[in-house]
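Quick look at what TrEMBL annotates:
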TRANSMEM  41-60  transmembrane segment
DOMAIN    90-260  domain 'Cytochrome c'
BINDING   103, 106, 107, 226  heme c binding site
TRANSMEM  270-288  transmembrane segment
Ligand code: HEC
């Protein structure tokens, strides 16, 4: 206490020969309370307990996940991995073809509309043509009946099944999840999707799979109800890219990254803009601060008690 009072008041003491009431001058700035030993010990114990519990939970979590039959997806360097890298839009377009020709047989994509493709992977005419290929249920008409019509840009991707029960019935009881946001919904994101699609292998000895299940070491638990969907030359790309299984998986993963995060490119563009704007603002703020504070900092304060 005494030391800090001395330090804080040194200037005042030096500058003024009359220091009638040190306490009065300094009482404003010495509000820090000293911690008792008991309080310190109590807080220390709480801190150690919290740290210990955290470490224990982490270890437990690891031990529950660790299994010699389950793999973490390897991290790949995607063309959009960098801080300033946009999505590869040719790949998004090919990925759409893969989704449409393979995955759409079982998986819905309810949150993406044909208009979303415009300017991303397709021109407006191409997106219109894609939509018109689909027959969409609309209605009711003036007779009260639902009817089918060719799709429009404003239509969302049609679902392969009318409801979840129908989807389960067709897939041995397993529900193929909607793929719109799957990249954000799974740990590992597009790395996981890629690993899952290319990771099918024979079940190791001792693993019993029920009917309609397949072994995939990247799927939690290993037994997945989705058969391997991608094979070499499973389809053809319209741009002539050789359709190997890994190429198909990479493109559909990039496409799913886009559907999960359509704002991806704008977000990174915004980063570039904000770096520019904030650099300017920080320099300006620093300059203004120096200008405004210069007279304050060089000012000399004298304390002159009133003459009695
Ligand atoms: C024959 C139908 C069928 C096709 C075709 C199909 N899937 Fe699946 N998919 C399923 C089923 C069924 C499940 C649920 C599996 C489970 O829960 O065990 C599933 C699950 C998934 C999952 C979720 C896995 C998880 O972690 O929960 C992803 C991702 C996936 N599929 C992606 C795809 C992609 C991408 C394609 C196209 C290349 C595709 N699927 C093609 C039937 C299919």
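Backbone N, Cα and C define each Cβ position, glycine as well.
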Neighbourhood of residue 106 (heme c binding site) by C-beta distance under 8 A, where only residues 6 or more apart in the same chain count: 160, 167, 170, 171, 176, 226
103, 106, 107, 226 excluded, remaining Cβ within 8 Å of their centroid (heme c): 102, 104, 105, 176, 179, 229
Nonlocal neighbours by CB distance (under 8 Å) for residue 103 (heme c binding site), same chain, sequence gap 6 or more: 179, 229, 252
Residue 226 (heme c binding site), number of other Cβ atoms within 10 Å: 21
Site extent for heme c, whole Å (max Cα pair distance, 103, 106, 107, 226): 11
